[in-house]
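Here is what TrEMBL says about this protein:
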- 22-295: domain 'Homogentisate 1,2-dioxygenase N-terminal' (DOMAIN)
- 296-339: domain 'Homogentisate 1,2-dioxygenase C-terminal' (DOMAIN)
- HIS308: active site, proton acceptor (ACT_SITE)
- 340-422: domain 'Homogentisate 1,2-dioxygenase C-terminal' (DOMAIN)
- HIS359: homogentisate binding site (BINDING)
- HIS359: Fe cation binding site (BINDING)
Amino acid sequence: MEKPATEVIKGDGWGRFPDDLEYHSGFGNHFESEAIAGALPRGQNSPLICPFGLYAEQISGTSFTSPRKLSQRSWFYRIKPSVTHEPFWPREPSHKKLVSEFDGSNTVANPTQLRWKPVDIPDSPTDFIDGLYTICGAGSSFLRHGFAIHMYTANKSMDNCAFCNADGDFLVVPQQGRLWITTECGRLQVSPGEIVVLPQGFRFVVDLPDGPSRGYVAEVFGTHFQLPDLGPIGANGLAASRDFLAPTAWFEDFPRPGFTIIQKFGGELFNARQDFSPFNVVAWHGNYVPYKYDLSKFCPYNTVLIDHGDPSINTVLTAPTDKLGVALLDFVIFPPRWLAKADGFLPGGASLHSCMTPHGPDTKTYEATVARGNEAGPHKITDTMAFMFESCLMPRTCPWALDSHFRDLDYYQCWIGLKSHFSTDVKSNDLQNGNKN
């Protein structure tokens, strides 16, 4: 357990983040954290009377009877329980661009390679919730199997409200602007070049200390992200467990009249009012927690002699299916590295290459590489952090994404110029030696 902290913010608490936030280190660890020494019960999880008169509350990330190695849950010790709120009602105006069940009624099957230019930050005040919109996905949050890919653009912090996703886990990839994220376990500062995972059921607030912000969100239904197995790589490499950081306990204790919990449930948003902050957890312990990771710490692998490695070698996190080696969703990155292919992604842009649709190096990259012949050597790609969400499921695309004026309708043109280099006038060693069999 870390050194007991005594910081309690009175007033507008989550608007101020210290520069030296403390974190727990490790992936999947069972942590314990207390903002006031002695707030954690000893010897049991739910005593009749908790220290300091706190309420004991459990949040479950898996079923009660999941195997121990898969079980995820945490215990909170909070000033008021989270059940203390008014009934939920549909949020108005309704958010019409969030999807968590993908079928022919709301999305489109389209195998064409798609690409979008960077999306503009909105002019009107827009927070993380209102700036979140779905691009594509598959499956259903109701059936607890599937995924959704979202993007967000925002220019203001969330005000007197918190967000809770009942559908699945969010993996957030900020591309522009830092995120100050307050959760029930504590606070996380997330910069571009880092990712943050916000598990299903956690309440959180997103503040924007740098103003305009833009990024990507992958959501998985019915499972959680884990580190991929390393196989022949051995014991070390890719993302190290020690580099994942979880928050330490922090709480606020003052009235919040009219505070709103905004819950995403089946892709729809609902509001519930309460008169206190949900960030009133004085102590907690468990392994079901939000966490962040600095992508610059990733240890990439590559081929050193011949051929081209599969992108799976750069998997940071994976959300598995029941079929061994098949992922519901992989988060794969392409960090600075030595390679023979140049990247052509625009910061803030995105592309979609669906199941069994061809893709690969564009004309410019291919022609420039083969022109150097067998002497073409690798060069170091720097100042880049491309990434990929990959799934075994076939995505359906949202109509507003297909109709967006940010969609690059000429994307297919980048391959049209690939010409035939085929020639039968090849003098192989066999031909030169007169062997024509």
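Each Cβ is built from the backbone N, Cα and C atoms, and glycine gets one as well.
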All chains considered, the count of other Cβ atoms within 10 Å of the Cβ of HIS308 (active site, proton acceptor) is 12
Reported as an integer number of Å, what is the Cα distance between HIS308 (active site, proton acceptor) and HIS359 (homogentisate binding site)?
15
Need one number: mean pLDDT over the domain 'Homogentisate 1,2-dioxygenase N-terminal' (22-295).
97
CB neighbours of HIS359 (homogentisate binding site) within 10 A?
11
